[in-house]
């Protein structure tokens, strides 16, 4: 088997410095803090639902049950659940708007300022003191410690490096089947210099190859992924009668599966130099994992195992689309690797995904109240299938490319 060029040379790791490690760690922990601040609300849904309905009893105030039950927000747990779904929907719609705007802003302002401001300002409005305080401190660290470009420390810029690199470092998503057909639309090359034009518009970013199909696919997949993210502890407690703290701890296995899945699937797609076939296989297996998890018995060990498998095949592709694939889309050949489109494209893909997720949160609560949890899983299977459908042209094209490359390699031997 012929390994890709990145493994043929001994420069894969020699190109990295301690600056790359610092940037990776800072961005990793910043995302972890943002994720934790969102995760907190889903972990306390069971307690909130009980306190908003007549069945609750506030021991800290020590009021009689009759007095507490006469001052409730909702007459039943079902109505409280619908309201929790509405809150998730409002949050995710706001999240989607923020992604679209931050993507455009990120291509025009210093990314360190944008990320630091976002972390600190969001910390000021979350209702949970510990996670908010840690996130605010993280925003300060990002402001003073994050490097956003090699030029800040006197190293060559990304565009200058890519101009002299071999084609082994080209993006994995291209706009045409024949690479000779590319015409640089958003940069001008003269000799050894690269002259960048201003950041591309929102419309131009939407017209880039692959942006719309992946955005629509991510709207369906993020709906499923965020439904697990927001509702899994509530489902475990509601469906199996487990304590809230136990359900919160057990739900972590879904995230663990997503982390492992995203890392492994990203590595495989780097080797193949194509993303869509890896996504397609994972999503097909995700349908089976959803069927299996929907029939999980009242056993914590089995449930945790099935949950991790589900997270592997759903959270993994979701993480790939929001990170590696968005980066490929924003740095493809048609824009000659210009970083001025990266944040805008990422905002479009992630923002569209958040719109789908926002609609899904209310639908999950509505379906659960009227039809039960099993129909919620049927809904997840439908959305996962739609994800495959939206990227099916890319799957066919990239699979054919891999087959042709394989045949050419066999013939050359």
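Any Cβ shown, glycine's included, is placed from N, Cα and C.
Note that TrEMBL annotation is computational and uncurated.
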| task | Examine the ranges 180-204, 305-329 and name the one recorded by TrEMBL as transmembrane segment. | result | 305-329
| query | Do the transmembrane segment (211-232) and the transmembrane segment (305-329) share at least 3 Cβ pairs closer than 8 Å, excluding pairs fewer than 6 residues apart in sequence? | reply | yes
| task | Look at every Cβ pair spanning the transmembrane segment (305-329) and the transmembrane segment (252-269), keep those 6 or more apart in sequence, and say whether at least 3 of them are under 8 Å. | result | yes
| message | Which range wins on Cβ pairs under 8 Å with the transmembrane segment (276-293): 16-34, 82-105, 125-148, 252-269? | response | 252-269
